[in-house]
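According to TrEMBL, the protein carries these features:
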type    : residues                                         : note
BINDING : R94, K134, 139-145, 167-170, E175, H198, 251-252 : ATP binding site
DOMAIN  : 98-282                                           : domain 'ATP-grasp'
Amino acid sequence: MKSLLILGHGQLGLMMAAEAARLGLVVDRLDMQTGELLRGTTAQRLNIDADALIASYDVITAEIEHLPHSEWLDRIYASDKWANRLAFELLPNRFSQKTLLDQLQVPTAPWCLLAERADVAQAHQQLGDALIVKSTTGGYDGKGQWRVNPDNGEQLPEAMFGQLIAEQKIPFQREVSVIGARDASGHCYFLPMAENVHKEGILRYSLANIAVDEALQQQAEAALASILGHLNFVGIMAMECFVTEQGLLVNELAPRVHNTGHWTQMGAVTNQFAMQVLPLVGLPLPQSQSCRATLMLNLIGCEFSPACISLPGVSYHWYGKEVRPGRKLGHINIDATCSAALKKAVSVLSPHLDEEHRGLLAEAVELHRQRSINE
C-alpha cells in the first residue's frame, strides 16, 4: 500500500487525513508556508527537507490547486511522486482550463482572452454587452471577478490585462456540480449531482441527490470522464456547471476534494475524502454505492455552536479557524431524505444559528420542497 503526503494543512487536508485514519491509513500533511510536516491528524510539527519528503512518500498530492512556489516546493512538483502533474499545471489557470474544455469539445461559456484594454470592446462585440471578467489565476469565492458592461470597463485594473479572460454572462437556471473519481486503471465513479446556491460568489448551501435529472447527470458524467481520461487523472475532481435551456455548461474544474462534495460525509457510503485517498494509495474505488439526499450548509463568519453537535439528523463540522467575517469556518450536513426529516432537523438546528444562517436554512427547505414536487 502506498504512503501519501498532502500539500496543505487546511480543513480539506485534515478531512482527508481523518478519513484515511478511519481506513487504517496514515496520510500526512505539509504546511507549505513553513515547510513543517504534520503527522496524520495531529498538530505535531516536524522539520524535514524537501529531498527527505520526496523519499519518504510514494505519492504526493495537494488540497488546493493554486499552489505557492519556492525552491524546495518546486523540487516536489518536479518529482515523479507528484500526482496529476498535468492537471495541476492546466486547471489552476482559467485560460488553459477553458482551452482544454474547448479542445475536448466540452460545452462551456463562450470566452476570450483580454490581452489589452482594447480587447474589452472586441469582447463585447464577440460575446455581448454582459460579461463576466475573471483573473486567469487565483481568485475564489467571488474574488478576482468583475461584472462588466459597455459603461464600466474602466474598473478593470490596467496591470491585469494579459491575465484576464472575458466570459459571456450566462442566463442559467441553476448551478450544479458533479464529483467524479478515477483510478489508475481508468475506472471512473461518479456521485449524484448537487444543486448549489451562491451568495456574492460564495457557496452557501448545496442540496444533493434531489430530483436528479438523469439526462443532465449523464451529460455531466460523460464530460467529466472525458476530462479525467485526457489528463490521465487519478483521484477526485469536482466539476461545477450552469444548467441552461440547452443543457450543461461547465463553469470550473477543481482537481481535488471540494466544498460542493462535503454532503457526501452524510449522504454517501464512501465520501469524497475516501474517494480521493483510495485510488492514490492503490486501493479500489467502490463499484457502486447508495446515496441519500442531503443538505450541506456552509458556516460563514459565525461563532462555534457546541449545541449543534448532538442534534438529531445533523452532522456538525467545525474547522477550528479564527472567526472572521466572510470566512468559511465549518459546515453542517442535514438529513434531507424527505421533507419531514429535513423539517425536523431544521427545527432543532435553527435556534442555535444566527439570523443569516436561519434564513439560508429556510430558503433551502423551500428549494427542497420545490424540487421534491417536480421529482
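Keep in mind that glycine also has a Cβ here, set from the backbone N, Cα and C atoms.
Remember, it's a predicted structure, so these values are computed and weren't measured experimentally.
Distribution of TrEMBL features across the structure.
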| residue | record | Cβ within 10 Å |
| --- | --- | --- |
| R94 | ATP binding site | 23 |
| K143 | ATP binding site | 11 |
| E167 | ATP binding site | 22 |
| I170 | ATP binding site | 16 |
| N251 | ATP binding site | 19 |
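Following the DSSP three-state reduction, the secondary structure of E167 (ATP binding site) is strand.
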